[in-house]
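Enquirer: The structure is given below, and queries will be raised subsequently.
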Amino acid sequence: MLVASSAGGEFGPGKRKPIDPSQHSVNFNPTYDQLWTPIVGPAHPFAKDGLAKGLKNHKLGFVEDASIASFMFDEQYNTFHAYGYAADPAASIGNHVVGDVDAMKRLDDATVYNLPSHEHRKRKLEKRANKEQLDEETAKEVENPESDDWLVKNSKSPWAGKKEGLQTELTEEQKKAAEEHASKKGEREKAEKIEIEDKSTFHGKEEYDYQGRSWIAPPKDVKATNDHCYIPKRWIHTWSGHTKGVAAIRFFPKYGHLLLSGSMDTKVKIWDVHGSGKCMRTYMGHSKAVRDITFNNDGSKFLSASYDRKIKYWDTETGKVISTFSTGKIPYVVKFNPDEDKQSVLLAGMSDKKIVQWDMNSGEITQEYDQHLGAVNTITFVDNNRRFVTSSDDKSLRVWEFGIPVVIKYISEPHMHSMPSITVHPNTNWFAAQSLDNQILIYSTRERFRLNKKKRFAGHIVAGYACQVNFSPDGRFIMSGDGEGRCWFWDWKTCKVFRTLKCHEGVCIGCEWHPLEQSKVATCGWDGLIKYWD
């Protein structure tokens, strides 16, 4: 900045006049004094108030911006308020001081952040003396039985003292307890190793009729009566052969004249729906509760998965076990590949977070899909069976290309819950997922697999139960069981509750719509009953 001297009398004939700060160019070399002489006082030659025109930016004059580190500013500010002096920021040469110069000389130019050496020594000595005094007082307190210090020093831990000798022999009581534990453990292991004989009992009148047709052949007169589905109103039949809760039910593919059920009593039964309404055959081969069952495309064979860690492949007609598959883990869901040319491919979701693919002809594992972080609950084929969606206890959905163990779509949101049941809509554009926060969510089966936020079905209580969700064959209604034994029906378009039926005592875990008789529904529950509604 260009500055000028304040007194006009100082400039004689041999000295240059001060530089006008308002001029834009100087046609000579000004001296240092001319450039840095402060503008002060009312006697400035070019202005009445002592400042050149355009330089005043404050009511008291001109305020300059200065660049100074915040630490240095705080140091000088606090030093001035503590000792009465500070460094002059305007002084560029030498040590210029603002304030009490005598105090600065006496304190050897110290600041609050930079004490002189004699002050450091003094403070160190004071600290040492204080510590010695404190030690003497503590020593006196330790000698005083009334003080806390004495208690801390003389208190004895309950574990203090010499260690007693280690116990080398067990007492009689301990020996008895160890023997009981070992025997129980042995019995449990033995029970797990018990091989249940695969057998089946036929309960019908005859396996073949006079024309030589098998009992599983669909009746000739079974056909769709109406394209329009109706919500059932009344309870028309009960199948009661299981001694424990029924975990899953499946209608015979396309015709629905038979109903397959898997129960916690380890048995799988098949019931006549179209004719007598009795149990036709019982399949026994599992040693623990049956978790899931599924038919192949023509119903001639089916799979059963059990908590005994085995998957059995049954012949529906004869009741023979064709093969048994196991990885040593519990299978939670089993599925055939729906393609006609891949009916020998089995997919199973396991408790060890894997989806395992078997070739049932050779009995070998051909692929493992290992990306989930929890037990796998469902497997659902979409997109003309080229892809499948899996849900898991890790609260996520994953989409896979069949045969390729790489996730192509991963769906996981903070608000999502576990989804233990998934069903595809009859138009194949959507799939419904039973969410454990008491609602049914709808996702697209297209490329993006987006959540349809406009469709949400709620009102039922399913938290903690893997209640099955299902669609009517025409896609107009969606239904689900709930934890209080009711079966809920919603309208697909409006998402409103259409009807609820009290079906079971306890949990209504499964519900299936009849594939041909559009107003009939089967439900199963943990009360061991299967009920038929019209």
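Start at 1 and count along the chain as shown; that gives each residue its number.
Just so it is clear, glycine is given a Cβ too, placed from its N, Cα and C backbone atoms.
Keep in mind that TrEMBL annotations are predicted by a computer and have not been checked by a curator.
Look at TrEMBL and you will find 127-143, 161-193 tagged as compositional bias 'Basic and acidic residues'. Per TrEMBL, the feature region 'Disordered' maps to 1-24, 118-193. Per TrEMBL, the feature repeat 'WD' maps to 239-273, 283-324, 369-401, 501-534.
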Enquirer: Three or more CB pairs closer than 8 Å, sequence separation of 6 or more: does that hold for the repeat 'WD' (283-324) against the repeat 'WD' (369-401)?
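Expert: Counting Cβ pairs under 8 Å (6 or more apart in sequence), the repeat 'WD' (283-324) does not reach the repeat 'WD' (369-401), since there are fewer than 3.
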Enquirer: Do you know the mean pLDDT across the repeat 'WD' (283-324)?
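Expert: Mean pLDDT across the repeat 'WD' (283-324) comes out at 93.
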Enquirer: Tell me the residue counts in helix, strand and coil for the repeat 'WD' (239-273), as DSSP assigns them.
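Expert: DSSP classes over the repeat 'WD' (239-273) add up to 0 helix, 19 strand, 16 coil.
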